[in-house]
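K.L.:
Handing you this structure, nothing more for now.
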C-alpha cells in the first residue's frame with residue numbers, strides 16, 4: 001500500500017502546530033483593544049433527533065481559527081492584556097471513555113496545540129467569573145449574544161458582540177504561510193483520503209450532459225450513456241480547511257470511433273469550442289490576479305472574453321439597429337455565464353469576506369478607490385456588465401491582498417430553462433433574448449456546461465495556483481492514457 005505524509009514547518013518555536021496563538025494575537029490587534037477577554041465555544045456534541053447517535057462533527061470555524069482544535073466539546077478564551085490563550089477540554093468521563101473512547105485530555109492538548117494553558121471545562125465558569133470581577137469595566141468579546149459562557153451571572157457582565165466577528169473575518173481572509181502550505185496544497189482526493197481528511201468540503205457535483213448546466217447539481221444519479229461531458233466539482237476538507245476544484249471533461253465512451261492520438265479527443269466540435277472559451281477565460285483571469293487588483297474588474301474581463309467568443313461562434317448576435325454596447329447593457333453574456341468568477345476560500349468553501357476598508361492598505365492597493373471609480377465609470381458607459389455577485393465580485397469589495405485565497409471558476413452553460421425563458425422574452429426591449437441566435441444555441445445544448453475552477457493564492461507580485469489537477473491537454477492525455 002502506498003503511504004503519504006505531509007510535514008509542515010512553521011517559523012517560530014511551535015513546529016508543526018497550527019498557529020492558533022498567532023491568530024489570536026492578530027484578532028486582538030484588529031480589535032485595537034489593550035484589554036478584554038475573547039471567548040469562543042467549539043462545536044458541541046449534538047445527538048440526532050430521537051436518537052442516541054451523535055450527528056457528524058464539524059468544528060466551528062471561528063473557534064478553529066484561534067486553536068486548531070478538531071475535537072468536540074471544547075472552549076477557548078484569550079486574555080488580551082495577559083496575552084494568554086486558554087483551551088478548555090471536556091472533563092474526564094469514565095463511562096464515556098468506555099463507550100466512545102477517550103476525549104481530548106489536558107496533557108495531550110498542551111502537546112498538540114499552540115495554547116498557553118489547558119483546563120477542564122468545569123473550570124470555565126469560575127475562571128470567567130474571576131476575570132470579570134477583576135476587570136469590571138472591560139468587555140468579554142463574543143461572536144453572538146447567544147454564545148455567552150455558561151454562568152449564572154451572565155447578565156452582570158459586560159458582553160460585546162458587535163466587533164469580534166468583523167475582526168476575525170478581516171484576519172481570516174488573509175492566509176498565512178501555515179495555512180497556504182499545509183491546509184490547501186495537496187488537498188485533493190487521493191492524498192487527502194489516504195491520510196485523515198474527514199471528507200468533502202461540500203456536496204460533490206458530478207453532472208453529466210444537460211445536468212452540467214445546473215450550477216449546484218447534487219443528485220448525481222443519472223447514467224452517462226449518450227452524454228458528451230461531465231462537470232466534476234469536488235473538494236476535500238483537511239483540518240477544517242476547504243478546497244474547491246472543478247474540472248469538465250469528455251466522457252471517453254462518447255468519443256466513439258476515434259483514434260486517440262492527440263486529435264479527435266472531443267465528443268463534438270461544440271464541446272471542444274466551449275471548453276476552449278472557458279479555458280481562455282480562466283487563464284487570462286488568473287494572469288490578472290495580484291495584490292491590489294480589483295476582482296470585480298477581473299470578473300468583468302472574463303465576461304468580455306465570453307462576449308467576443310460567443311459572438312464569434314454565432315451564439316450571440318447584434319441585431320440590426322443595435323450595438324455591442326446594447327448587448328453589454330442587456331447583460332446577454334449572463335445567460336451563459338450567470339455566476340461570479342470566484343469567491344474567498346478558507347475555513348468555509350465560501351469563506352468570509354472582509355468589509356470594505358478592513359484590509360490593510362498597501363502600496364499596490366492604495367489606489368483602490370480610484371480603481372473602483374474607473375470600474376464604475378466603465379459600467380455606466382455601457383462597457384461592462386454591472387451585475388454583482390458574492391464577494392469579492394462586487395464593486396465595494398476591497399482590492400485583493402497578499403495571503404488571500406480565492407477561486408477562479410469561469411463557466412459557460414446551456415441551461416434549457418434559462419434558454420427557453422430568454423426565447424420567450426426576446427421581443428421585449430433590452431431583453432437578453434434579442435441578442436441570441438437560438439438556432440445556433442440548439443447545436444450546443446448537448447454540451448450542457450463547462451466550468452474550470454482553481455484555488456489561487458494572491459501574492460505580492462502576482463499569484464500562485466494551488467491546484468495541480470490536470471486540465472486542457474494534460475487532462476486529455478490522462479483520460480486517454482497518453483501520460
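Using N, Cα and C of the backbone, Cβ positions are placed for all residues, glycine too.
What you are looking at is a predicted structure, and each value in this text was computed from that prediction instead of being measured.
What Swiss-Prot records for this protein is below:
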type	residues	note
BINDING	233, 244, 453	Mn(2+) 2 binding site
BINDING	244, 409, 453	Mn(2+) 1 binding site
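Looking at the shown structure, can you explain where the listed features end up?
P.N.:
DSSP classifies residue 453 (Mn(2+) 2 binding site) as strand under the three-state reduction.
Look at residue 409 (Mn(2+) 1 binding site): DSSP puts it in coil. There are 24 other CB atoms within 10 A of the CB of residue 409 (Mn(2+) 1 binding site), with all protein chains counted.
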K.L.:
Rounded to a whole angstrom, what is the C-alpha distance between residue 244 (Mn(2+) 2 binding site) and residue 409 (Mn(2+) 1 binding site)?
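P.N.:
Spelling it out, the Cα of residue 244 (Mn(2+) 2 binding site) and the Cα of residue 409 (Mn(2+) 1 binding site) are 10 Å apart.
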K.L.:
What is the number of other Cβ atoms found within 10 Å of the Cβ of residue 453 (Mn(2+) 2 binding site)?
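P.N.:
There are 25 of them.
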K.L.:
What are the non-local neighbours of residue 233 (Mn(2+) 2 binding site), defined as same-chain residues 6+ apart in sequence with CB under 8 A from its CB?
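P.N.:
Result: 204, 205, 207, 244, 245, 246, 451, 453.
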K.L.:
Return one of helix, strand or coil for residue 233 (Mn(2+) 2 binding site), based on DSSP.
P.N.:
strand
K.L.:
Near the Mn(2+) 2 site, what residues other than 233, 244, 453 in the same chain have a C-beta no further than 8 Å from the centroid of the listed C-beta atoms?
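P.N.:
Neighbours within 8 Å of the Cβ centroid, excluding 233, 244, 453: 205, 234, 235, 245, 246, 407, 409, 451.
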K.L.:
Excluding 244, 409, 453, please set out which residues of the same chain place their CB within 8 Å of the center of the CB atoms of the Mn(2+) 1 site, keeping sequence order.
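P.N.:
Close Cβ neighbours, site residues excluded: 233, 245, 246, 342, 407, 408, 451, 454, 455.
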K.L.:
Residue 244 (Mn(2+) 2 binding site) has how many other Cβ neighbours within 10 Å of its own Cβ?
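P.N.:
I get 25 for this one.
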